[in-house]
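The structure appears below as structure tokens.
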Amino acid sequence: MRIGVLTGGGDCPGLNAVIRAVTKSLIRQCGAEVVGIEDGFSGLMDANPRTRVLDWRSVSGIAHRGGTILGTSNKANPLRSPADTERTLANARALALDGLVVIGGDGTMSIAHGLADLGLRSVGVPKTIDNDIVGCERSFGFDTAVATATDGLMRIETTAMSHSRVMIVETMGRHAGWIALEAGLAAAADIVLLPEIDHTVEAVARVCREREAQQRYTVICIGEGAKARGADLTVQHRVEGSFDPVRLGGVAHVLREQLQSLLKSEVRATVLGHVQRGGQPTPFDRVLATRYGHHAAQLVAAGRFGEMVTLQGGDLRSVPMARVANQQRTIALDDPLLVTAREIGVSLGEH
Ligand code: F6P
């Protein structure tokens, strides 16, 4: 058996641990040959495909490393034109691939699903720091992102305290507020603003004013997809050719301007950005990614292509790829963690 492995879409801490586990499991369990495809689907679409053999030694010592040794692309799409599709399928035949393991997000899964209809089968491994995959209670990379965001918030808190300032810290997560909520709770932020709950600037200002009179400083954690009631999403820029071209970011600066005119204290904003995606995965993420990779290899061994690995009730399971493509798991308004935040007095900027 000869299996191709690729990482597609934005990167995420833990990708190398998945590559290692899937490769070692395939070699050991199935005696398979594993072919690494470089830069996501881009490496398989080129006239001269870019691949490398993944053997035992080439994936040793990488579980702790951030990024992806294979490289990735958030633009390459073999389904974009009939010529691209035909070249990709011809390359897969020339490489004698029996199937692929694709490690990626929404876009990667829907491409893999489309290629399966044309004869190139895949097993999927979901990746995102956003933790927003439907049917999957925890994606690898999220724990690392939360740890980094928490560290950022806590560093901001000490300087907020020294200067009696209102400090706004923006986290990633697109339309899901999981990183903002968990990091906000972990760092004991005073106000947490989420994409799932529109805030009002007046409600946020009121909490800041109350704190001005007592504690003298305020830390606000805001998810990049959050917005004030009636306002538009803050779009940072567009990446044309990407599966979802809209890039969010910068809402912290918008809020800073709005708040400054309502408060005596100085207001400052920090956008944490890609620092949340980089660096070494936490031990938790290394273990979770290893479990995902091992389970993906088991699906390949059982011939269960068309499925994507998920975590449900703490156990590794799988769901049809088609069921998760193009959907997001956002925070439900009755989510226990959200209820906890509210009930311990964290302001969500609602009223
Ligand atoms: O989906 C993961 C993510 O990091 C989001 O949280 C963020 O909005 C987006 O990717 C950033 O994408 P890019 O790396 O293309 O700027």
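Every residue gets a Cβ built from N, Cα and C, even glycine.
If you look up TrEMBL, you'll see ASP130 marked as active site, proton acceptor. ASP130 (active site, proton acceptor) falls outside any helix or strand according to DSSP and counts as coil.
The Cβ of GLY107 (ATP binding site) has 22 other Cβ atoms within 10 Å, all protein chains considered. GLY107 (ATP binding site) falls within a helical segment according to DSSP. Sequence annotations record features per position, and here TrEMBL assigns ATP binding site to GLY10, LYS75, ALA76, GLY105, ASP106, GLY107, THR108.
Here TrEMBL flags ASP106 as Mg(2+) binding site. Around ASP106 (ATP binding site), the same-chain residues six or more apart in sequence whose CB sits under 8 Å from its CB are GLY9, PHE243, ASP244, VAL324, ALA325, ASN326, GLN327, GLN328, listed in sequence order.
Counting every protein chain shown, the number of other Cβ atoms lying within 10 Å of the Cβ of ARG268 (substrate binding site) is 18. Marked as substrate binding site by TrEMBL: THR128, ILE129, ASP130, ARG165, MET172, GLY173, ARG174, GLU224, ARG268, HIS274, VAL275, GLN276, ARG277.
For 2-299, the entry in TrEMBL reads domain 'Phosphofructokinase'.
Feature annotation from TrEMBL assigns site 'Important for substrate specificity' to GLY107.
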THR128 (substrate binding site) and ALA76 (ATP binding site), Cα-Cα, nearest whole angstrom:
18
Once DSSP output is merged into helix, strand and coil, VAL275 (substrate binding site) belongs to helix
I'd like to know which of the binding-site residues THR108, THR128 has the most other Cβ atoms within 10 Å of its Cβ.
THR108
Going by DSSP, is ARG268 (substrate binding site) sitting in a helix, a strand, or coil?
strand
Got a sec? Which of THR108, THR128, MET172, ARG174, VAL275, the binding-site residues, have CB under 6 Å of any ligand 1 atom?
THR128, MET172, ARG174
If you measure every Cα to Cα pair among GLY10, LYS75, ALA76, GLY105, ASP106, GLY107, THR108, the residues listed for ATP, what is the largest value in Å?
14
